[in-house]
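*Asks:* Encoded as structure tokens, here's the structure I'll be asking about.
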Amino acid sequence: MSGKGTYRTWMLGLLAAAYALNLLDRQIINIVAEPLKRDLGLSDAQLGAVTGLSFALLYSVVAVPIARVADRGNRVRVIGIAVLVWSAFTAASGAATNFVQLLAMRVGVGVGEAGCGPPSQSLIADEFPPEKRSSALAIFWLGAPVGAALGLVAGGLLVSQIGWRWTVVAAGVPGLLVGALVLRTLRDPRLSRREAPPAPPPLKTVLGRLLSRRPFVLVMLGCGLLSFTNYASMAFAASFYLRVHKAQLETLSTSLGLEPIAIIGLGLGLLGGAGGAIGAIVGGQLGNRLGSIDARWLVFISAIGSALCAAGYFAMFSVPDVRASLCIFFIAGFFSNLWAGPGTLALQRLAEAPTRATALAINLFVSSAIGLGLGPFLIGILSDHFAAIQGEADGLRTALLCAPLAGLLSAACYFAASIGLRRQISLAEKGETE
């Protein structure tokens, strides 16, 4: 492979593919949630633990140590091994016969996936010039809606044909190839220049600097609260449609010749995936153009996206028509990813270059704990509570209508982060603190 531009394209595409599989392996459990729940006899709270809490427990905890390893050494090796680990645990999840076994497998997936995001984003930031970073990061984040869409569409079609176990096994196989390609074809630019990676400051020092920057803390909270809305909503979206819109789906099933779960997989995957992909691209372009004029636009774009994403989810769970609800999901998906390029760039610009992976891992820790850990689990608990009063279908709807509130709080955090943002970015670029 020759030419720096060609290599950059390959590197970005492969890292985006790895991140797509990262999200695919998360969404596959969501789309098979109902048959899995029946087979293993799970409650909604246990389902929330499997789709969120178990995954987030080690995903968030090990992200910072893994990022420290990446900041000190070979980021490509970290990413490649991470892809292989989570893919193997995803495939192994299909063999689980009870709640505890499935929980353990999902914890393993979380450990592997923690090694993908921060090192990949740090690698991209080093490989691309400043004026192209927001777009490059947005393309990387494009892997999220694409992977989620593939997981929902393929999972919905496969589960009705081969069952949830083999569907989960099939989801883990592609990552073994991608992990091998990462290890064989990518290089860490620090090592290819034969430079010793600059030793990052001690973790205590890094934490002190980052947490002393109010805009960094607020952007981090904004990411976490938006993640709460997204993960909580998506963890139970398939179950919501299969319970609340069961009669309408059965009518569509007769007309289309597809199982209801396949229809939901196609609808959520194609509409949400398309909306999320377009949102990531638009957000990245807006971040490049407006962020170069005034850095505060990086958080303004993120705030607007969070507020409108919350409104979209509320409408999606409120309207009585299943087709209208799925169409609204396209809008929610668009705004849920608008923050990806500008928000990530804001976090990077608030951190010194040698500590970028660590800074992003700290954000990942907070976002995962709030969004992935608490989101599905708390909504599952609320669903079980309301189900005792309203029934299983309406109880889940009521619980899901609570999730968008976190998105509104996210928007408030992003707006508040604009205060003092430019000064803190300037200090970070100089390696100084107040």
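Glycine too: its Cβ is placed from the backbone N, Cα and C atoms.
Positions annotated as domain 'Major facilitator superfamily (MFS) profile' by TrEMBL: 11-422. Residues annotated as transmembrane segment in TrEMBL: 6-24, 45-66, 78-100, 137-158, 216-241, 261-283, 295-316, 322-340, 360-383, 395-417.
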*Asks:* Within the domain 'Major facilitator superfamily (MFS) profile' (11-422) only, compute the mean pLDDT.
*Replies:* 88
*Asks:* Give me the stretch from 137-158, 216-241, 261-283, 295-316 with the greatest number of Cβ pairs under 8 Å to the transmembrane segment (360-383).
*Replies:* 216-241
*Asks:* Looking at 78-100, 216-241, 295-316, 395-417, which one has the highest count of Cβ pairs under 8 angstroms to the transmembrane segment (137-158)?
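*Replies:* Out of the listed stretches, 216-241 contacts the transmembrane segment (137-158) most.
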*Asks:* How about the transmembrane segment (78-100) and the transmembrane segment (216-241): do they have 3 or more C-beta pairs under 8 A, pairs 6 or more apart in sequence?
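*Replies:* Since fewer than 3 Cβ pairs under 8 Å link them, the transmembrane segment (78-100) and the transmembrane segment (216-241) do not come into contact.
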*Asks:* Ranking 6-24, 295-316, 322-340, 395-417 by the number of C-beta pairs under 8 Å to the transmembrane segment (216-241), which range is first?
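*Replies:* Comparing 6-24, 295-316, 322-340, 395-417: 395-417 has the most Cβ pairs near the transmembrane segment (216-241).
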*Asks:* Would the transmembrane segment (322-340) and the transmembrane segment (6-24) count as touching if the test is at least 3 Cβ pairs under 8 Å, pairs 6 or more apart?
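*Replies:* Counting Cβ pairs under 8 Å, fewer than 3, so no.
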*Asks:* Using a Cβ cut-off under 8 Å, which residues of the same chain at least 6 positions beyond either end of the transmembrane segment (395-417) come close to it?
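*Replies:* Counting only partners 6 or more residues beyond its ends, the transmembrane segment (395-417) has Cβ contacts under 8 Å with 44, 214-215, 218-219, 221-226, 228-229, 232-233, 236, 239-240, 243-244, 299-300, 302-304, 306-307, 309-311, 313-314, 317-318, 339, 343, 346, 375, 379-380, 382-389.
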